[in-house]
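Shown next, in structure tokens, is the structure this report addresses.
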Amino acid sequence: MCYFCSLCLSRPHTQTQTHTHTHTHTPLVKPDSMLHPYELVYLHEKHHGQKKSVPPRFILTSTYLTLSIEYFWGLQNVHRVYIDTVCNSHFSFCRCVFVHVCDGNVRCVRPVSEETHWLLPFRMSKPQTETWPPGTECVAKYNFKGTAVQDLPFNKGDVLTIVVVTKDPNWYQAKNKAGQKGTIPANYVQKREGVKQGGKLSLMPWFHGKITREQAESLLNPPEMGLFLVRESTNYPGDYTLCVSCEGKVEHYRIVYKEGMLSIDEEGFFENLMQLVEHYTKDADGLCTKLIKPKLEEGTVAAQDEFSRSGWALNRKELHIHQSIGKGEFGDVKIGDYRDTKVAVKCIKHDATAQAFIAEASVMTQLRHKNLVQLIGVIVEEKGSLYIVSEFMAKGCLVDYLRSRGRTVLGGDSLLKFSLDVCEAMEYLEANNFVHRDLAARNVLVSDDNVAKVSDFGLTKEASSNQDTAKLPIKWTSPEALREKKFSTKSDVWSYGVLLWEIYSFGRVPYPRIPLKDVVPRVEKGYRMEAPDGCPEVVYEVMKQCWTLDPVVRPSFRVLREKLRNILDKELYL
């Protein structure tokens, strides 16, 4: 007896009919020893209101497919599925399918048994309910080899951009990073989204800070085996306490901080809390139970979960890190390779600055512009190592680029193009309600083809946020931001005026020969830097407009971009 074959599936069966045949066929079922792990498809039956596994297995050309009577969601490119009951065991089988191409026409009708001709991989998923407009970035969730000339093959993790929305909502026209175009199945990819800012993104969502023993026990109620949190120790300042629910009560374990390491039993030592928690989730190792479920602090979101959900989590095994090229705000910056592409990798291995690190990464997920350094992805390791992977800018930061080339290499057109590049990036931030807060030539990078791109989003916030910032670059920060901590796009405009001065002075430090402590008082009394040597008067006028004391009167970046574009087009810089 076979479970599937071309001829048998061409005939209708009744629920009680015994499945027999006398014709010659090639049965689809193979012995388990012949099955490749990726070729197994498990059948389920609905038995007394429950689904349970059924021993028989069959091949559907390197795919996973689960069929059940109760649920049969739309597959990526299967529009109609006939379900037929075979034998007397209530097995639910797919009898044949109508496979459609993206224009809505039937590509072919294939019985399931024709395994040698069945090339399309299938995944169970809910039907596509959202239409992604052209320009939407997607990340591949699975490998797709393609089955027709119009298909675009891709591998898991590839970034694809939607080009055309087809009539069939399950297919899109897309292109890869090499510019190749073709059709892709919608449920094989995941839309890339900006990481949501509603909750507090945290690497340690189980860390509750300064709460008492009683508050911890209340949070871990009702009791649940292995439910845990970490708090600051109230009895031993500087230490921590691990609180674990076990067999109806809460156990409290002191975490001792000794010689730069953390330990519960002074036998196992860890560099940070993330490493410690990761260890005890795998093995109780002396605790009453291993850590099973974290009790999240109210309002927090686990960073790894959020980056994965939004399509920004990368595979650490595919990242190869090489030599260091400098230090950033939160750690070392190194050259790396990710999938044969040269990248810049910002690395950090310390809890204290990790939160600021992921805050920068979360901002970068929301920003896509040709003059902003683009984020490739984020890696959050359980043991505490964190990586921001971004595009590699071969010629380094703008201030070093200007100083090393000088007037003999860089003409007026080059300086103006750099100025315009930065202005267009800032206009984009302005339009999207973001304030950079640290705009300076040191935070602008130059690509191999001499395009300037704004980077370092460590201080970048939404415009509605007026949080205090510990370290501010005084010579670049507007008077109202220094005095009242009022940051806005207009405070970025002030900084942009200083950056223009840096560009036209070929990387000199602003306010030369003026002590740092005297800069703010002199500026508030009306002092403004003189034009750099050789700076066109029309460009210096733009600088002075940026340095208007009243932020309301300062021009927007849109107006500044129009002014600079006019200067460039009419060659007024000559």
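Quick reminder: no glycine exception, Cβ is built from N, Cα and C everywhere.
According to TrEMBL:
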BINDING   Lys346  ATP binding site
DOMAIN    133-194  domain 'SH3'
DOMAIN    206-295  domain 'SH2'
DOMAIN    319-574  domain 'Protein kinase'
Within the domain 'SH2' (206-295), how many residues are helix, strand or coil going by DSSP?
17 helix, 30 strand, 43 coil
One finds that other Cβ atoms within 10 Å of the Cβ of Lys346 (ATP binding site) number exactly 24
Take the domain 'SH3' (133-194) and count its residues per DSSP category (helix H/G/I, strand E/B, coil), listing them in that order.
3 helix, 27 strand, 32 coil
Over the domain 'Protein kinase' (319-574), what is the model's mean pLDDT?
89
